[in-house]
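A.B. asks: First, the structure itself, so that you have it in front of you.
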Amino acid sequence: MNKFFLFDKSKWNQILCALTICLPVFNYGNTLGWMSPMSLLLQSNHAPSEKPLTDVEISWLAAISYLAGIPFYFLLAYISDRYGRKNTLLLSTALGSTIWILKLFPQFWTLFVSRCMVGILMSCSFVTCPVFIKEISENSIRGRLGCWTSVFYTSGCFFTYVIGDMLGYRTIIFICLSVPIISFLLFLAMPESPSYLVQIGKIEEAEKVLLWLRRKTEIDCEISQEIETIKAEQKNDEVNDSSIIKAIFADKILFKAFQIALMAAFARELCGAIPVGNFAGDIFLRASDGTRVVLNPNQQAMVMGAVQTAATIVASNIPLLFITCLISGISMCSLATWFLFKDYGFNPPAWIPVFTLCICIFCDSAGLLPVGTVLIGEIFSFKYRATVLGTSMAIASFLDFLQVLFFKMVSAAIGVHVAFYTFAAMCLLMALYIYAKVPETRTRPLEEIYDDLRTNKKKKDLQKSDVITRF
């Protein structure tokens, strides 16, 4: 594309739909960002609950959403395929609004239930929303719009970090509650996914949706070709309709794609981003020794939120998966070495952990965070997208749950530097895997991507600059 796609009028309806689809993701970011400032308030003498919460209660409130989200990944994947992407978003948004309503009554059990329900928004954000965006987007902007889920997620966190430091408990809840209400009303006017309409036999309606999305008045060869491509993908899926997982393991190409999807999930969750987020307070506290800069916990969260948001905006324009994995691995090595030197009595520069922390967060948000959802949307057809995305994200949520609950305990037993060296190794191994196994997917149809997986060859004309921006 020669011009910036936001100024291309033929893309405006797709952009409008993508923005609307991402609103639940923004709300999910609000729910996660809420924990950082509110955990301090809920444990203080000014807690809105009857008594301050304990460390154990706060740990469970932070971790339970990841565990509770696991069944919702599979449930929403099934509902999405059976009843449509739009109806799934309507249901998730309506249920998600109860998260904030429950928080108006801040007792531990109501907060615990609300945090469990965050699993609904989590599943919607990383299963239904990315698939929906992929299916309404044309090839030329598919990858960029797919990265918007990460932008809205991190900006949602950042927004709650900021208002959490400025406003009162109930005011924050009412502001965040307005997001799912507005989302629900906008979704009522949204069209359904063309892929789902073709799947249930509503071809004419699918053509009308594509005409509106592409801002055209008559069905031309491009619209007809899109419909035929969708039909061909779904006809190919009908070859084995008994079990999706069984079909994936029986087909060599699908199994290769499934391996790539799982590796992307493992890389994201084992790169250290989750424990870095939870360990940020200690890192900033250590880094403040010998300097005049002292940030309170909420301000630390704002710094990370700003870095995350900036990184995902970069990712929406230039997805740098290979480079971000490599740099993140190097930064994790530096962070681990800093802790090692500190444990042995040396005094390394205090700015190193702050710098490496920001680099790691930036790399995670610019490459590792968006890759899982975008990549799976690119390398699987309609039949498999939601199920594979649900499976990979369920595994990711379980890993998150374990890390949030046990990271500090394990680090105290074996040393935090060992943990960070492990995360560094994961990042560097993932970088090698991307270079060797992951094909280029940008703007390419599914069959071309599968051709690369079949032959396991690299394009002769692929430049190194293309390799480092591959998904």
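Just so you know, glycine gets a Cβ as well, placed from its N, Cα and C.
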A.B. asks: Checking feature assignment: transmembrane segment per TrEMBL, candidates 88-106, 240-258, 278-296, 297-315. Which range matches?
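C.D. replies: Among 88-106, 240-258, 278-296, 297-315, the range TrEMBL annotates as transmembrane segment is 88-106.
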A.B. asks: Which is it, of 31-49, 145-163, 202-220, that TrEMBL names as transmembrane segment?
C.D. replies: 145-163
A.B. asks: Quickly jot the same-chain residues contacting the transmembrane segment (412-436) by Cβ under 8 Å, restricted to those at least six beyond its ends, or write none.
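C.D. replies: Non-local partners: 263, 266-267, 270-272, 275, 279, 321-322, 325-326, 328-333, 335-337, 339-340, 343, 467, 470.
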